[in-house]
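Here is the structure we will look at.
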Amino acid sequence: MIQRRRPVPFELGPVHFIGIGGIGMSGIAEIMLRIGYTVQGSDAKASANTERLEKLGARIFIGHDAAHVEGASAIVYSTAVKADNPEMVAGRDKRLPLVRRAEMLAELMRLQFSVAVGGTHGKTTTTSMVAALLDAGALDPTVVNGGIINAYGTNAKVGEGDWIVVEADESDGSFLKLKSTVAIVTNIDAEHLDHWGTFDAVKKGFQDFIENIPFYGFAAVCTDHPEVQALTARIENRRLVTYGTNPQAEVRVSNIQMGPEGAQFDILVSPLSGDLVLYEGLKMPMAGHHNVLNATAAVAVARELGVDADAIRAGLAGFGGVKRRFTTTGVANGVRIVDDYGHHPVEIAAVLKAARAVSTGKVIAVVQPHRFTRLRDLMTEFSSCFNDADTVIVADVYTAGEAPIEGVDRDHLVEGLKKFGHRRALALESPAALPALIAAEAQSGDLVVLLGAGDITNWSYALPGQLEALAK
């Protein structure tokens, strides 16, 4: 039973979440439940997230209906919720406070010192790593993440310490509502232009994100990324801690080695004033150059927050990873199956580079493009980001509610891959055809990585059993 304490100084009815099963919404709902709010919410269908929240005491409605908000004190919604949603309409009619997801997260952050992790890619993993190092340092943070942290079995945790660590989502600009003590910027790419309009606007958004921190805070920024390095030149009134592999970085990672068990590396801290600090032979059970950079960001922050070297070393060595981030779902007939959320060309290239580093055989990529607009805007990049895969299997586009766009589909991506020189790019006729296709392509020692933000994750968990059945 959750021990409730009074979160506000007066009686408050249930807080209603529209789309409570979403990964971002469910984390905030869980934190609010655990600190004493009465929480309810609706979603289109039941899920592991709604079931978990129901067990914690939330009232869950399946489907959307105006009657669900009867008696609610406020409504929390995300940009995915349409204005004509019946619960939104009812909330407006009742003049209830309509609170955006990021605004509610900002309310939770206001009560503690906070670390907000931003960047086009790597936010979820970096958030999890910061949490792991603060846990190892006995700081016991509260955490709200955009993915399931394997060590917690959930994407949120209420800690007893002074710090809260959150993932800051830039996709709709709402991360600018998060006034954090510490900010992290992992990288900046031209993504979510449907909201921002131009890449210049994206870059200005990240500048504002950093400038939202107080004078006593700091931002950890990856100057290996050219746009982040350019951003540092525009920040004049906030303290920056730079990190990366480049010699100019204040927190520099080097001697990176990859293997089947993960990564090993050194980190040298060269503060502008003070002594050099060397963390030698750090080990992490997660592969990929991009994940080493994410770990370097976490070390930079943990060190500033007072976590000692032994705790940093132990926290990295024991890092349990994040669901859907290079997650092994099984091994069938010697073929390793990996599930990954990567759905942007930069992410896909990084994941495949990691796969190449740990695989003793071929790397076979199965990709489900996510959104027609993303594929249209980045068709050239998608056509050239699979070089580390021996075979690329392309599924139909996961629409995410978008209408089809002429000339933007599975077959055009396969054609683009071939034009850019890929030697083996195949179209997947249907999900049902995947097991037989993988059985024909893969042999013992190969690694199959399924990539995408849609329902391809379900295929990755079914595939090991399907391959074993075919082998009988």
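Positions of Cβ are set from backbone N, Cα and C atoms, glycine also.
Since this is a predicted model, take the numbers as computed values, not measurements.
Annotation comment: Swiss-Prot describes Gly119, Thr120, His121, Gly122, Lys123, Thr124, Thr125 as ATP binding site, evidence class sequence analysis.
Within 10 Å of the C-beta of His121 (ATP binding site) there are 20 other C-beta atoms, taking all protein chains into account. Shown are the binding-site residues Thr120, Thr124, Thr125; the one with the most C-beta atoms within 10 angstroms of its own C-beta is Thr125. Annotation note: Lys123 (ATP binding site) sits in a helical segment as assigned by DSSP. Close to the recorded ATP site, the chain also has Val117, Thr126, Thr186, Asn187, Asn294: residues not among Gly119, Thr120, His121, Gly122, Lys123, Thr124, Thr125 whose Cβ is within 8 Å of the site's Cβ mean position. The Cβ of Gly122 (ATP binding site) has 25 other Cβ atoms within 10 Å, all protein chains considered. The local packing around Lys123 (ATP binding site), expressed as other Cβ atoms within 10 Å of its Cβ over all shown chains, amounts to 26.
The number of other Cβ atoms within 10 Å of the Cβ belonging to Gly119 (ATP binding site), over all protein chains shown, comes to 25.
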